[in-house]
């Protein structure tokens, strides 16, 4: 017992308790450092409430927020990746797949859904960056083609949200073939005059940016998204020159005509719906930016 406890009446001494706060309640913004309430950040679609920084969001959460709630149906969910080449670098490809599937609860890096957007029939796809960097595998390419074929069958628009490091090196040439495969599928969509909107999110790089991500009738980007083929560090090392500030960011690309517009994630659902209404000669939507996706 300390000397202060001997002097002061024990009845007025209240032992302190450690606050029992569960993990994951709070998170910090990568851009401004603001401490954010996790549940509030999720309601705001992973956009910082202080600085508007767009954090990465899972493919499934993005699609559920984008499409009308009562109409979603997943396509290609039965497809799973195979380690045909028995590839191994610092780790077996098979083990990488198991770890990625466990971490993301997805079978591969692309989720495709058929549904409606403000009542308009639509097919939408979204990359899961948490699955081996959103890299494009044979399954990703096949699911993308499934999405295009469904859009052709339903004669409806197709929207794809890209977030990828490029082709999956563990599948070698089979992964590179998906660039041509997805591009050929999109050519069929264009031949039928069906709209394809590509939304480039952070990051969209490599073989994905060199194929399906830049082939949209409209190419939209989220704010400050990294978009390019090789990364800025690789370019600097190759050219031995310092790159301009903001190089390969969506604002830099918009100023030079490489993309069509930049749209905040919270406005994306409404803006795309309005664009598709015009592209498909539908009646204009009511002039309200409602983010509710109920039917």
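Just so it is clear, glycine is given a Cβ too, placed from its N, Cα and C backbone atoms.
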Tell me which range among 6-28, 29-51 Swiss-Prot lists as zinc finger.
29-51
Quick check: with 29, 32, 48, 51 left out, which same-chain residues have Cβ atoms within 8 Å of the centroid of the Zn(2+) site Cβ atoms?
30, 31, 33, 34, 36, 49, 50, 52, 53
Considering every residue in the zinc finger (29-51), what is the mean pLDDT value?
95
Residues in the zinc finger (29-51) grouped by DSSP into helix, strand and remaining coil
6 helix, 4 strand, 13 coil
Taking the Cβ of residue 32 (Zn(2+) binding site) as the reference point, list residues of the same chain whose Cβ is under 8 angstroms away and which are at least six residues distant in sequence.
48, 50, 51, 53
